[in-house]
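What TrEMBL says about this protein:
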type: TRANSMEM; residues: 52-74; note: transmembrane segment
type: TRANSMEM; residues: 80-96; note: transmembrane segment
type: TRANSMEM; residues: 108-126; note: transmembrane segment
type: TRANSMEM; residues: 132-151; note: transmembrane segment
type: TRANSMEM; residues: 158-175; note: transmembrane segment
């Protein structure tokens, strides 16, 4: 068979594989058949990296979330140091969320950042020396109202829902 014709067929099979016109194992078989086993391994290595690339921000955000929780609750650092460590993590999560192309995923990232900011604010409030119950109640009210406003302003239902549920729980627990 003519080399140019083989190349056209191989490119067409690769196109079928990318667009999922045929199952991948059929395309692999046809590629092996037409390239006589001389298919590039470089392409499969790149596709492995490209396949996992979208999960990197998701994994990084969850690691930052866990690291912030560990810093706030499981270390003996002073409150100022805990907050100084946690705030850049919150800002990094907001930055990653703003770069995300998926609306649902970015709103999820923003909600994680909002929860971490809430925890940082509660940590800051606990260092003020006031009544802890009232301080947490006031901080919760402020955050939940701001979540409802942000959710309404930017049409983020997750913020609206979290704000309403948080307000309801805070009011119920405080006046119980």
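Placed from the backbone N, Cα and C atoms, the Cβ positions cover glycine too.
Note: TrEMBL annotation is automatic and uncurated.
Long-range contacts of the transmembrane segment (108-126) within its own chain (CB-CB distance under 8 A, at least 6 residues past either end) are made by residues 57, 61, 65, 68-69, 72, 79, 82-83, 86-87, 89-90, 93-94, 96-97, 100, 132, 135-136, 138-140, 143, 147, 150, 156, 158-159, 162. Listed as Cβ neighbours of the transmembrane segment (132-151) (distance under 8 Å, sequence separation of 6 or more from its ends, same chain) are residues 114, 117-118, 121-122, 125-126, 157-164, 166-167, 170, 174. Distant neighbours of the transmembrane segment (158-175): 107-108, 110-111, 114, 133, 137, 140-141, 143-152; these residues of the same chain sit at least 6 beyond its ends, with a Cβ under 8 Å from one of its Cβ atoms.
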